[in-house]
Amino acid sequence: MEYIFSTIKKKAWETYKRKPISYWILLALSSSAMLVAFPASSLLSLLYYQNGGTSKWIISWVAVAGWPLTAFILIPTYFVCRTFPTPPDWKLTLSYIVLGFLSAADNLLYAYAYAYLPASTAALLASSSLIFPALFGYLLVENKINVSIINAIVIITAAMTIIALDSNSDSYGNVTNSQYIMGFIWDILGSALHGLIFALSELVFVKLLGKRSFHVVLEQQVMVSAFAFVFTTIGVIANKDFQGMASEAKTFKGGESSYYLVLIWGAITFQLGVLGGTAVLFLSSTVLAGVLNAVRVPLTAIAAVILMNNPMSGFKILSLVVTFWGFGSYIYGSSSSTSQNYS
């Protein structure tokens with residue numbers, strides 16, 4: 001055991017010395033943005049439903065309404081990096097449209113999940129987002145899957161099964177059993193779709209772009225979010241939810257100002273998380289971005305219990321512990337795969 005820790009310490013120190021201190025500061029800030037902003041966005045979605053909000057389309061729309069923030073970051077990078085926008089062709093444009101549509105659908109699935117599930121339960125179920133990128137990455141991008149990653153998939157699946165066994169203890173009083181089950185299903189489907197989007201995004205870099213500079217990563221995020229915004233806005237208009245916002249704000253617990261603050265901060269925090277994830281993807285790798293995206297899951301669950309009095313039964317605690325075990329196995333497996341790729 002002492003040998004293992006000394007080896008890990010030695011490798012970490014060697015990795016640290018390869019990069020300047022400015023790199024580690026940027027990576028730490030980007031990682032912190034992911035680990036703080038995404039859980040905050042999830043909790044604000046839960047707050048919206050707990051305080052009287054009912055529209056799933058509005059929450060989906062909020063998730064992409066802040067996309068101009070990313071565009072404002074993108075434009076100066078062209079001047080700083082002394083480069084030009086990537087010229088779009090029909091294949092690249094089509095890929096952005098498809099990814100935008102899938103992202104809009106993914107946000108809607110998660111909105112339904114948060115409407116019917118406590119944030120802690122929804123977050124723990126979202127840990128399955130580790131499983132699907134590994135599977136789709138293997139099928140579409142030919143990423144490697146080793147024994148540790150397979151072990152992580154089995155462990156996290158077991159953690160979700162534990163939550164399913166405890167469904168009677170953490171459902172809200174106004175949520176029926178059928179709604180709880182549908183929330184469970186929507187959450188898993190959202191995680192599966194999220195994994196597909198992650199793999200397709202990597203495929204776009206590999207097949208169509210062939211490079212991963214900071215402005216190119218930002219360009220993809222801006223374009224995908226913009227198309228997702230268009231698709232979601234069409235859904236909101238078709239469902240006439242914009243007209244219902246005024247009446248919903250009047251009955252919102254805390255008043256109209258609280259209603260709009262929840263939506264505004266929801267849009268801001270989600271985009272800050274996106275920016276942090278984009279920076280991590282550029283500075284490090286898809287592996288670290290995936291790991292941090294997974295680590296935010298237990299952070300959201302713990303924050304929901306502490307800040308919003310979500311129920312935390314013995315089954316859910318056991319599921320959280322098992323999920324951490326799965327994360328550890330996934331991180332080890334991903335690190336091993338990365339080492340083999342660069343050896």
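Quick reminder: no glycine exception, Cβ is built from N, Cα and C everywhere.
TrEMBL labels come from automatic prediction, so no person has curated them.
For reference, TrEMBL has these:
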- 21-38: transmembrane segment (TRANSMEM)
- 58-81: transmembrane segment (TRANSMEM)
- 93-115: transmembrane segment (TRANSMEM)
- 121-141: transmembrane segment (TRANSMEM)
- 148-165: transmembrane segment (TRANSMEM)
- 185-210: transmembrane segment (TRANSMEM)
- 222-239: transmembrane segment (TRANSMEM)
- 259-283: transmembrane segment (TRANSMEM)
- 290-308: transmembrane segment (TRANSMEM)
- 314-333: transmembrane segment (TRANSMEM)
Task: Range from 93-115, 259-283, 290-308 with the greatest count of C-beta pairs under 8 A to the transmembrane segment (58-81) - done: 259-283
Task: Long-range neighbours of the transmembrane segment (222-239), counting only residues six or more past its ends (CB under 8 A) - done: 55, 57-58, 60-61, 63-65, 67, 70-71, 74, 96-97, 99-101, 103-104, 107-108, 201, 274
- [ ] Could you pull out which residues elsewhere in the chain have a CB under 8 Å from any CB of the transmembrane segment (259-283), counting only those six or more residues past its ends?
- [x] 23, 26-27, 29-34, 37-38, 40-41, 44-45, 47-48, 51, 53, 58-59, 62-67, 69-70, 73, 212-214, 217-218, 221, 225, 248-249, 252, 289, 292-293
